[in-house]
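Presented below is the structure to which this report refers.
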Amino acid sequence: MAVVPIRIVGDPVLHTATTPVTVAADGSLPADLAQLIATMYDTMDAANGVGLAANQIGCSLRLFVYDCAADRAMTARRRGVVINPVLETSEIPETMPDPDTDDEGCLSVPGESFPTGRAKWARVTGLDADGSPVSIEGTGLFARMLQHETGHLDGFLYLDRLIGRYARNAKRAVKSHGWGVPGLSWLPGEDPDPFGH
């Protein structure tokens with residue numbers, strides 16, 4: 001099991017768009033990609049996350065892993081990897097997010113969560129770990145995760161989507177933790193679980 005540190009908001013790798021994974025003419029993926037995917041799964045599992053983008057562990061490649069239920073109350077989960085994902089969503093509401101149903105957290109903003117407006121439905125297309133085409137879609141928490149992880153790969157954190165008082169509260173939280181600078185990380189399994197799982 002290889003668990004690696006998760007970068008914290010302010011690290012440049014989190015705020016820069018990732019590079020697509022190179023696919024050979026025969027459709028094969030780089031040989032070392034399988035090890036990266038295994039490390040991402042191990043790290044996500046140790047952190048009790050529902051998703052993890054490669055740049056959250058310092059790798060600037062366009063892929064994410066997930067282990068997520070359709071809704072917060074459900075126990076059945078979907079698990080996989082998407083390489084070079086392309087996101088499609090329903091319309092994103094223009095109203096203030098509901099603090100009871102739209103709360104969102106992030107392993108790169110450990111221990112914090114803020115209401116975030118997201119589309120109710122999302123689909124991601126890309127490649128699986130074998131290089132075969134994959135299309136996954138969902139609503140609720142699963143749709144939120146798809147949008148969250150592809151946002152990471154585009155160089156954005158969910159904090160960048162916050163509006164109004166939630167954006168102000170997030171800025172205060174980042175400042176109070178001393179985040180927003182390069183080089184900060186936490187190690188799942190060694191550092192305390194910031195979300196209290």
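Backbone N, Cα and C define each Cβ position, glycine as well.
Annotation comment: Swiss-Prot describes E149 as active site. Per Swiss-Prot, Fe cation binding site is recorded for C106, H148, H152.
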Remaining residues near the recorded Fe cation site, that is with C-beta within 8 Å of the centroid of the site residues C106, H148, H152: G51, A53, Q56, L107, S108, E149, G151, L157, Y158
Local Cβ density at H148 (Fe cation binding site) - other Cβ atoms counted within 10 Å: 25
